[in-house]
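Residues annotated as transmembrane segment in TrEMBL: B:12-32, B:44-63, B:84-109, B:115-137, B:144-165, B:185-209, B:221-241, B:273-295, B:307-325, B:337-356.
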Amino acid sequence: MTKKLIIFIISFLVLTGCGVQDNILEDLLLAEVTGYDAAGKNQIRGSTVVAVSQSGEKSQMGKEVYAATTHTGKNFIQKTEAEASKRLVGGRLQAVVYGEELAKQGIYDYVDTYRRDPAIGRNLYLAVVDGKAEDIVKIESKMLKTPDVKTKELIEQNSQANLPETNLHTFLYYYYGDNMDPVMPLLKQEKDHIRVKGIALFKNDKYIGKHIPYEDGFLFKMLYGNFKNGIYEIRLKENSYMNIQNISSSVEYNINTNKKPAANISVHIEGSVVEVQDVDLKKRSVISKLERDAEKVFQKNLKKMVRMFQDNDVDPLALGDKARSQIRRFDKKHWYDIYPSIPVTVHVKVKLVQEGITE
Amino acid sequence: MDIQPKENRKVSAYYAMFLIHKMQLGVGILGFERVIAKYAEYDAWISIIIGGLSVHVILWLSFRILHKDGNDIVSIHQFTFGKWIGGVVTVFFILYILLITVTILRTYIEVIQVWMFPGLNAYVLMIVLGLLVYSFVIGGFRVIAGAAFMGILITLPLLLLKYFPLQQAHFSNLAPVFNHSIKDILLSAKTMTLNYIGFELVFMFYPFLNQPRKAEKWAHFGHAFSIFIYLVSALVSFVYFSQDQLKHSVWATLTLWKIVDLPFVERFEYVGISMWLFGVIPNICLGLWAASRAVKRLFYFEQRKSLIYLLAIVLMCSMYFETRQQVDLINTILSRMGFWIMYFYIPILFVLYTVVHKVRKKTP
């Protein structure tokens, strides 16, 4: 018995000697949003907004911005410590934003550091900034009224509707995957606000400078995968518009495995009419006409979007990967060559199910 | 020589299931996906089944050997090869068990160092774990079997966490099935053997099972359960990661825990790794118990004392391997040795033992 007790006590004594650095919340600066910008001559300018806990029971978190210009991504954290009063940690990092210029040069190195770091969670949001990333970081520090991190909330909220789910994992998934390219939300500073401008398109890790406008994010999500929510505005005629709310949308890819590859995308969307002008919704025939009209508009716009991807030689829809899963002995190099010229047809089936609570 | 353990030190037959399953499910599961996907890529789940079935056969062979005299490997070796050669072979077997133990301990400590506490003083943690293991093993085989059962009970709920990655699954990753040559699939099955290593300990704890003939069925259940768990883990990782991404993920299962987002704990991998200690401790205990028991049977050395020496050896070896490359190296060495022992040594032993048995019976 005494022997066991001794072992027990010794274990406690010895464990304290494990030399693990303790992290006390009050003694840390928690990085929330980090931004990277190109700064010329192989240099980058990193900036980060940190939460500073303050004394007092109900006091708010203060926010501070640190910035530095260095050669490597992580080094800037080290450099900022020169001005920081406490240790800077990344365990609570919510979003990383990249300036347009840097994104065009390729951001892999600045994503890779987060992939390696075990302290970073997998649902870290990544985004491209139309302009400078530092501006977003600076605005973030002023957003004290929103208790959480604004940049993160903004992307998270919009992922429900017009933005695809994009985080560190999805970026890496599409970056490493063959025959597919990642996308990221494109943010823009507008006076003292942050706005989602659209979906930035990437070729590997390089932003190609083109984006899908925010309104068309709905169309992109129709192709990207099955989803719910979101509202899309359809122009029926001159000065006549209809708003469709998506109840559920599903997509299917069929890639022809013959000698001449061709892709067929079929989308089924069930929606309800939120608002329509100059149309009588009582008649069934009117509704089916609306459905046909909506199908036409969707088909036209979706085809245009796919065409745009092919013209720019980017594959955010992972068309190549879908081909791989349907074709035995798939030749991915050959696919690279033929991708821009593959004929893609899009079929949309719209079903309007509810028209609100009144008739 | 042939000392049988007393009745009150034996465990029920169904414990064979927990013991076999626990020993196979060590640290390998935290990151085996990358290794097995090296050749057959995303067809590697077939390799898990093929490898698993072949181990079923080996397990069946092992029980054929063991049922004959109902004794452990020390006496089987002596019976087959004679006193001296048999003793030498047993020493190799002990070294093999110690290598398994070192690999488990060192790999787990590496996980803690990389994922939780980079500044951790590994020596101190090893000594603490060593004390824990010592107090378990000294309690005898029953305590270890209980620990193995508890270890399974505690770590099994972690399987539910697969729900989170499945929400972002790309099931098309698995298609088209059978897109690789038989050779690739078999090569992947070969790398899978490392994960099935550990059932060989049945050669040591066999006399400790009540009604060993019934235990055979349970042992097969245990192994089948291991196949199932490996299969589920691999399939989930395959649909969650793209192929090149998986190649860069050293610990795929651990990375999957990272995305678990519960309202009360944001980073589940810290909880998961800590819970996994319960999955690792019984393995180390079993390994050390088997090794010290073999030493006792071979050299008539008191088990308590030999345990201390063996523990010291294991800890020192674990301290010796420091870098990622070295940890990888012991894993590779073990998987090669395990492969040879499983698919060559056990069948050969079976043949020799049967022949010697027949010859000796005829000439009493």
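Placed from the backbone N, Cα and C atoms, the Cβ positions cover glycine too.
Values in this document were obtained by computation on a predicted structure and should not be read as measured data.
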Decide whether the stretches the transmembrane segment (B:44-63) and the transmembrane segment (B:115-137) have at least 3 CB pairs under 8 angstroms, with pairs required to be 6 or more apart in sequence. no
Under 8 angstroms, Cβ to Cβ: which one of B:12-32, B:84-109, B:221-241, B:307-325 has the largest number of such pairs with the transmembrane segment (B:144-165)? B:12-32
Do the transmembrane segment (B:84-109) and the transmembrane segment (B:221-241) share at least 3 Cβ pairs under 8 Å, sequence separation 6 or more? no
Tertiary contacts of the transmembrane segment (B:307-325) (same chain, 6+ residues out, Cβ under 8 Å): 98, 101-102, 105-106, 109-110, 122-123, 126-127, 130, 133-134, 137-138, 284, 287-289, 291-292, 295
Answer yes if the transmembrane segment (B:221-241) and the transmembrane segment (B:115-137) have at least three CB pairs under 8 Å among residue pairs 6 or more apart in sequence, and no otherwise. no
